[in-house]
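Colleague: The structure that follows is given in the form of structure tokens.
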Ligand SMILES: NC(=O)C1=CN([C@@H]2O[C@H](COP(=O)(O)OP(=O)(O)OC[C@H]3O[C@@H](n4cnc5c(N)ncnc54)[C@H](O)[C@@H]3O)[C@@H](O)[C@H]2O)C=CC1
Ligand SMILES: CC(=O)C(=O)O
């Protein structure tokens, strides 16, 4: 295993998403060492002070410091939440050119430090930026992870939990595809204790749930300007899976090499996550309709990739 050991995490981008992630990490005692980096140094320094004052009540002692890209050299994990966020009415794909440029600069500086760990990317459009991080870093595909559909799948499980009056942790199901408008629920395998939920719902209700999941971000952004708690918990969950070598299956943004018929794209699919990053992409058995929608979602991302990388 050729990755940096230890559990130091460097967070790049301490805006709404990044600072919520830092708070979740501290609350859950996942890492011993967290370094915050942001273009807005004053904001990052303020977050460090504020977080440090919570450590005494955290489950574990932890070092939280302000830093620079140099700090990535011995980090196990670099989490990137930096860049522009959607404004009301904007799609995630509207952010692409701004954030790819920002990522080129950030990832190059991280690699110059000698970084040899795992990247976890949250900035939108996350699938394209995970692909960009993989390209710019030159790291093996398994060491670049996008947050993919971790949040969408949580939204799906939450709504199904409400529908069937069951804890969302007991609802099993995935949203796959783009973390964006072309995503899809895998109804054919969504279940509660092994019993499929799809036959218990009308087509109309299934469609309503899928739309509620797909459009959740727009609704939250209209209401309060940004979404951050849900993704922060999803990023913390992925971080725990990596640092604790869990071999757990989570829906993340993974690079496909033939799985479900597609290659050369980062997209949301269930994957086994451990200390090496993405150990394996889990190939779901999709019905014809799901496979067709997944292919369309891949194509949406590839069309964008083509405008950047030809
Ligand atoms: N993957 C997902 O499921 C989700 C992704 N997001 C995405 O996360 C990203 C961050 O969102 P917010 O935290 O709400 O935005 P924000 O505007 O609150 O924070 C962005 C931070 O990035 C920093 N930044 C900008 N350029 C930088 C650079 N070159 N180097 C270092 N830092 C830089 C800014 O100073 C700021 O602190 C957005 O792209 C947003 O769309 C948001 C929610 C869910
Ligand atoms: C903003 C965003 O990507 C989300 O909440 O899904």
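All residue numbers here begin at 1 and follow the chain in the order shown.
Cβ coordinates come from backbone N, Cα and C, glycine included.
Remember, TrEMBL labels are computer predictions, not curated facts.
Taken from TrEMBL, the feature domain 'Lactate/malate dehydrogenase N-terminal' applies to 8-146. Annotated NAD(+) binding site per TrEMBL: 17, 38, 43, 69, 83, 84, 105, 122, 123, 124, 147, in sequence order. Positions annotated as substrate binding site by TrEMBL: 86, 92, 124, 125, 126, 127, 152, 153, 154, 155, 227. Look at TrEMBL and you will find 157, 172 tagged as beta-D-fructose 1,6-bisphosphate binding site. Annotation source TrEMBL lists active site, proton acceptor at 179. Here TrEMBL flags 218 as phosphotyrosine.
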Colleague: When you rank 17, 86, 126, 152, 154 by Cα distance to residue 172 (beta-D-fructose 1,6-bisphosphate binding site), which of the binding-site residues ends up on top as the closest?
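Modeller: Ranked by Cα distance from residue 172 (beta-D-fructose 1,6-bisphosphate binding site), first place goes to 154.
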Colleague: Name the secondary structure element type, per DSSP in three states, that contains residue 227 (substrate binding site).
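Modeller: The residue in question, residue 227 (substrate binding site), is coil (DSSP, three-state).
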Colleague: Select the closest residue to residue 83 (NAD(+) binding site) from the following recorded positions, measuring between CA atoms: 152, 154, 157, 179, 227.
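Modeller: Closest by Cα: 227.
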Colleague: Check the Cα distances from residue 17 (NAD(+) binding site) to each of the binding-site residues 152, 154, 157, 227 and keep only the ones within 10 Å.
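Modeller: Within 10 Å of residue 17 (NAD(+) binding site): 227.
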Colleague: Hey, does DSSP put residue 172 (beta-D-fructose 1,6-bisphosphate binding site) in a helix, a strand, or just coil?
Modeller: strand
Colleague: Does any of 152, 154, 157, 172, 218 have a Cβ within less than 6 Å of an atom of ligand 1? These are the recorded positions; tell me which, or none.
Modeller: none
Colleague: Mean pLDDT over the domain 'Lactate/malate dehydrogenase N-terminal' (8-146): what is the value?
Modeller: 97
Colleague: Listed binding-site residues: 17, 83, 105, 126, 152, 154. Which have a CB under 6 angstroms from an atom of ligand 2?
Modeller: none
